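Asks: As listed in Swiss-Prot for this protein:
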type	residues	note
BINDING	G617, P618, N619, M620, G621, G622, K623, S624	ATP binding site
REGION	801-820	region 'Disordered'
Amino acid sequence: MSKNTSDLSSHTPMMQQYWRLKNQHPDQLMFYRMGDFYEIFYEDAKKAAKLLDITLTARGQSAGQAIPMCGIPYHAAEGYLAKLVKLGESVVICEQVGDPATSKGPVERQVVRIITPGTVSDEALLDERRDNLIAAVLGDERLFGLAVLDITSGNFSVLEIKGWENLLAELERINPVELLIPDDWPQGLPAEKRRGVRRRAPWDFERDSAHKSLCQQFSTQDLKGFGCETLTLAIGAAGCLLSYAKETQRTALPHLRSLRHERLDDTVVLDGASRRNLELDTNLAGGRDNTLQSVVDRCQTAMGSRLLTRWLNRPLRDLKVLEARQSSITCLLDGYRFERLQPQLKEIGDIERILARIGLRNARPRDLARLRDALAALPELQEAMTELEATHLNQLAATTSTYPELAALLAKAIIDNPPAVIRDGGVLKTGYDAELDELQSLSENAGQFLIDLEAREKARTGLANLKVGYNRIHGYFIELPSKQAEQAPADYIRRQTLKGAERFITPELKEFEDKALSAKSRALAREKMLYDALLETLISHLPPLQDTAGALAELDVLSNLAERALNLDLNCPRFVSEPCMRITQGRHPVVEQVLTTPFVANDLSLDDNTRMLVITGPNMGGKSTYMRQTALIVLLAHIGSFVPAASCELSLVDRIFTRIGSSDDLAGGRSTFMVEMSETANILHNATERSLVLMDEVGRGTSTFDGLSLAWAAAERLAHLRAYTLFATHYFELTVLPESEPLVANVHLNATEHNERIVFLHHVLPGPASQSYGLAVAQLAGVPSAVITRAREHLSRLETTSLPHEVAPQAPGKPSVPQQSDMFASLPHPVLDDLAKLDLDDMTPRRALEMLYTLKTRI
């Protein structure tokens, strides 16, 4: 199809209508309603057929060309939409809004909804345990305004961020499925490397119009009440988001009631690398198994799980909030009160998203049935909440209201097990509306009328093979075999000829058809009108209902954390004002669940006298586990949770950094070592004396001297910054750091060898490791025994011939390269001698190349 569709005169009327709508949405797939199917045309059809693995065919011709087409049944659209959304596609839903019986030309069609990955609300298209976020960003390299919206809950927030680095870290945290940026931004910016980036017109971000639309949405004169009146960039981004949401939903958004101003200074910041390394809610393979959330999430509701995920990804530095959560968990543990609450919370379900769909006016009948059941369960839950003494739990109880009138209305209106959609009726109870009952009675009694009519006609005509039936195309009919058609009475009017049969209509049957079909269509229309009125009633109660949902989600998280504290042997950490991090018998919460043997717990102590631990020991000895468990304990403490330790005393931290493991960034053109150095640079630039830093094997991706020098200098820098640092290394030379840096101490993970086999003991002990056990680990990994034997020979020779291991402490501030055993010092090569004698200044390029080839042959 030609890309130029501005001249539609050569197209058929149907295709003219299609292109008028399609030209408004050139970059989105259009589902075009044709009877019982959504049909997809032209380039959209080719793309959809490939993505959905459905047949590509053709639908006649228009403008002299065949029309590529594929289609799906309208009643099965959800599954196909879910697949497209997961693939990052956006879909325009175009429905028939006119009456085919009265339409002249093509039936009128309109775009009723645009489904994009960030604005879907249908239950079938969403992951119930994860937020589905869309974000918009505005600004320059110095300052950015970021707005974030979850249309499935109504959560709407803004913040302003300094610099690309912090912006990208925040985007990594929230992980939006769509990101809106101004169309006048240059191409190739860092944010565009993310999935789902969509460019919007610059005027969509204009501050004054954004401010006006936000005030209209929230029915306020200004945004001062939300604390964001002066956030010019963030307001522009929020205005763009609101406009996009309205454009895609094609309806009012009453469930968007407020704007929350978030501040990075209130949180513990984790960059993208740290978030990935700690495997908070996604493991390194992209799954959810063996993540922190997989261990600490036993929430009874999906909305509780989503809130817990937010907490894990946004630890707080607000001591008042953290201590309120701790007190709540303690209260819920007292007398095992959480055990009474959790079954009741399970009855509540995911009312947060149900209420959002009600606000969007696309709630399904089963949504209302679930809301009915939740409202019925509220009084008993509220009664249980009143028995809780903790101040914060009392506040949640006060926010949780009961709604007896709404509960009674829904109980009266919705049948016990309603169908999935309102379209075919059968949702509202008999007795809810007298007029609907009358219409349904007339329609439903049609079957008995047809049975009686068939019996009467058989008796009247004497034709035993006579049948009375109905189909959607031709309506009601009397059918006779072709051989008996000539015996039909005179009042039988021929309606349809089939192979082997004739169909007729009689005046009596025609009169009934008019009444029955009219009654059915009027009943469906009446039921849809009553259902919409029910939604409007619920929408008028949205604000308190949403507040209740928010309170119950938090109660679910706190009850869950109490249950986890009991069953995982977690204890309450204590925040103190003096700088310290003291953990007794700390454990890795994920690893200990996977092990079939008891986990070896370890202590940690950092304070003003010791700010860095240099950790040595064998591979697989537990260094990385020890470091990660420290970070996870600190993180859990900063969401208000109890922690996997016998005791924990710590001061608030501002950031958690990890430099653990690396892989190539092939798409970005960065090697493993480059990735490692980028992460190290980020830490050295941004760590403070309140940061927790984990550094594992820094410098291993380059030559020995380069790597050692970089690791040494990085460790010195962190010691001078006074950051809480765990520095794991195989460079034994670094164990002399405490001699020049008084805030540094050595610890090691112990192991022992028995019959040339290594046994890892996993205990963290003071002082440096005595040896590395590298060959024993290689043997354990299955390296061939011949290779191990040969390696032992090389090791013995190198240990004998190398220079003694000796490093002189260097005064701070003086440039130095740490000295190390030069394992090749006793192995001179004649090529090196010849190379040193060459006079490169007097050598022509050709001669240099010839010499290079000659030297190469001698290596």
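Glycine is treated like the rest: Cβ placed from N, Cα and C.
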Asks: Can you list, in sequence order, the residues of the same chain other than G617, P618, N619, M620, G621, G622, K623, S624 whose CB lies within 8 Å of the CB centroid of the ATP site?
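Replies: Everything else in range on the chain: L749, A751, F760.
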Asks: Which site among G617, P618, G621, G622 has the most other CB atoms no more than 10 Å from its CB, taking these as binding-site residues?
Replies: G617
Asks: Measure the Cβ-based neighbour count of N619 (ATP binding site), defined as the other Cβ atoms within 10 Å of its Cβ.
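Replies: So the number of other Cβ atoms within 10 Å of N619 (ATP binding site) is 19.
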Asks: For the binding-site residues M620, K623, which one has the sparsest Cβ surroundings, going by other Cβ atoms within 10 Å?
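Replies: Comparing Cβ neighbour counts within 10 Å for the binding-site residues M620, K623 gives M620.
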Asks: Three-state secondary structure of G621 (ATP binding site) from DSSP?
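Replies: Coil, per DSSP.
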Asks: Could you tally the C-beta atoms, other than its own, that fall within 10 angstroms of the C-beta of S624 (ATP binding site)?
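Replies: Cβ-Cβ neighbours of S624 (ATP binding site) within 10 Å number 22.
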